[in-house]
Amino acid sequence: MSSQPAKSEKDSSAFDSSKEEKDSKTSSTTDLSDLKLPATVTTTKAKDDTLVDEEPTPFRWTNWLLRKPVQKYDPDAISTRRSVYDAPTLAEYYWPKSDYENIHRFDPDARWTYGEEQKLVRKIDWKVMLWAAISFSALNLDRGNLSQANTDNILPDLNMNTNDYNLGNTVFRLAFLSAELPSQLVSKRLGPDVWIPIQMCGWSIVTAGQFWLTGRTSFLLCRAFLGFLQGGFIPDLILYLSYFYTKNELPIRLSLFWMSMNVCSILASFLAFGVLRMRGILGKAGWRWLFLVEGLLTLCIGIATFFKMPPGPTQTKTWYRPKGWFTDREEVIAVSRILRDDPSKGDMHNREALTLRLLWKAILDYDLWPLYIIGLLFGIPATPPAQYLTLSLRNMG
């Protein structure tokens, strides 16, 4: 008889221990819910086996040139990649800010196929990337027209020599470099979709204004203004493209940008050949018409850019584009895949200025210092031929 109470006491102790463990788990879950996660985040989400764990294979030019086989995916298979948003204990720390402009389209439970994603990326290429490439070509057109003007009589007409030309190039480079950081700060505050067309229209007006150059002083002033207005354009454009592309999609498109620079230079040479033959019209030199024509051409592109650059993937609808570019489903995919790829893109909205604290944090990131050095030095070998080849050939007769 004495063994029965002992057994009952043991069962009671086991029950209490089990109850405490259950209460502890319940308390842990309650504590997590007290953190007030967004409604779409669940704390009991099981591991989703339909998600993709491996990173996509980035495009490599060597594989394309050597005709190596490319990995093919089933267009109907799920292409959604696993991210921190699939871990209940991590999702809250990476959740986008409440004022993030695309928060209403972000859905961590959304799933999409390879076919849907490829169709969306192709649409982004045509709608966003194509006009960004045209804008970049406008930069290269106005940045390189001085070397084309050297084939005419610009230096003798302005009573300048090669020393003045060298000084003009130096002033342009210094102004360009000094404008890089301020331009990016302004771009974050106004939004690249607003600041980029302002830059384009600004430097286009200065370029066209070189039609009325009178001498060394006006030449140097125009070079300085062009440097200030063009500085920061490329980082601003990359910032804008990062709103639409993932980290594996953007590099190949940027490489095409740099390849297009040489293509633009070739086309600009043919354009200059025709425009410089306008010398004598209204008694003006050919190089004056070159600045005016190319300045007005890029001004038209700059004005059009105000209407061709929406702030983001969920802000394409406007009074002159009532249906927008993307369907609701495509907007969910566009936003969700970008944040899954890089959750930090939800830390700031596209009209939020950088703080001094964030700027100082970026400066102290010494892992990027080698990239800064490369950025300052990589263009040195190509710059002398680009700036002085036409001048040298003219002096050679």
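The backbone N, Cα and C atoms fix where each Cβ goes, glycine too.
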Looking at 120-140, 225-245, which one is transmembrane segment according to TrEMBL?
225-245
Which residues, given as numbers and ranges, are at least 6 beyond the ends of the transmembrane segment (288-307) yet have a Cβ under 8 Å from it?
131, 134-135, 138, 141-142, 145, 148-149, 152, 196-197, 199-201, 203-213, 268, 271-272, 275-276, 278-279, 281, 320
